[in-house]
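Listed in TrEMBL for this protein:
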SIGNAL    1-23  signal peptide
REGION    25-45  region 'Disordered'
COMPBIAS  29-45  compositional bias 'Pro residues'
DOMAIN    57-196  domain 'DUF3048'
DOMAIN    223-334  domain 'DUF3048'
Amino acid sequence: MSMKRTSWVIMLLASMLFSACSSQETVMPTPPAPSPQLDPQPQPTEPVEVYPFTAPLTGMGNEQKLDQRPIMVMVNNLPKARPQSGLDKADIVYEVLAEGEVTRFLAIYHSQKPEVIGPVRSIRPYFIEIGRGFDAILVHAGGSPEALATLASHDYSNINEISNSQYFWRESFRKPPHNLYTNLDKIEQAIADKKMRTTAELPYLPFLPADAEITDGEPATHIDVVYHRLNKAAYEYDAQSKRYLRFSDGQPHMDLTTNKQLSVTNLLVIAANHRILDKEGRRAVDVVGPGDGYLFQQGKARKIKWRREGGMIRAYTDASFSEELPLLPGNTWVNIVSTVPGLADAVTYQ
């Protein structure tokens, strides 16, 4: 075969090969299928527990209807009596001056049952007046002559340790009179033994929903309440629990039984007229009103007017008493200071 013919054959074969390669389509890689989009799973939430009943003095849910009479116990607040037992389980606590510029607590028990209550001390007429508004059974160890005369002349259910010592006991770790204690089991036994009436129609208290947020008022995360230069109470707001932690004379005010600091959901501080009656320093305290005060809730302070209505001291928005301020579900403390020197000197907050 000649050289010319050979070259022609090579060119023909090359042309055919090029045409075959050009006619093939380019194969692109298939992209991966997109992953299916899943709806985000909702975060689990704590179930809201629903109770069939509401405790009338705290607004908290309860498994049972609470229609029993409240128990009111006079509790010592001298420094030698601290820390006390059972104040943390009281639905409502009133703090009022007794003699000697020392305060005394009136603890009202209804929805909770403390293991121990005390130290128990004597009663005064204005404490009787407060307890009467709750139809409470009054528990005390003696009293002023006027208080004992009031109890003797009226049909007020009361358990006086002086004549009913079997329902009380004394502890050895404290000296008298700071070592007298009782509990609700003993009080209930006394009620049964004395055939006291056990049910009551309690006064109505308005409460906000459990998730309510207080937005009105001035900031009040620290509160000082001065009863006397040697007798001071203070409250620090704890944002996590939404409660005020109690201090007495600069120290955390603890519960002896639980070893936990006392705390308050609703703090009402009111000014009431005080009058010295005798050389012992016994007082008459006006617990009817009207008067001025402050309501502290969730780190906020609101100036209020107060008066006793339906047997209870209540907070109102103004002097017309047309709008009662509701409480948050939880416990309430009422600090009653004197109108002399008054709220401006007795109560400060920031």
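One-based numbering along the chain as shown.
Yeah, the Cβs are placed from backbone N, Cα and C, and that goes for glycine too.
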Three-state composition of the domain 'DUF3048' (223-334), taking helix and strand from DSSP: 0 helix, 67 strand, 45 coil
Within the domain 'DUF3048' (57-196), residues counted as helix, strand or coil by DSSP: 40 helix, 41 strand, 59 coil
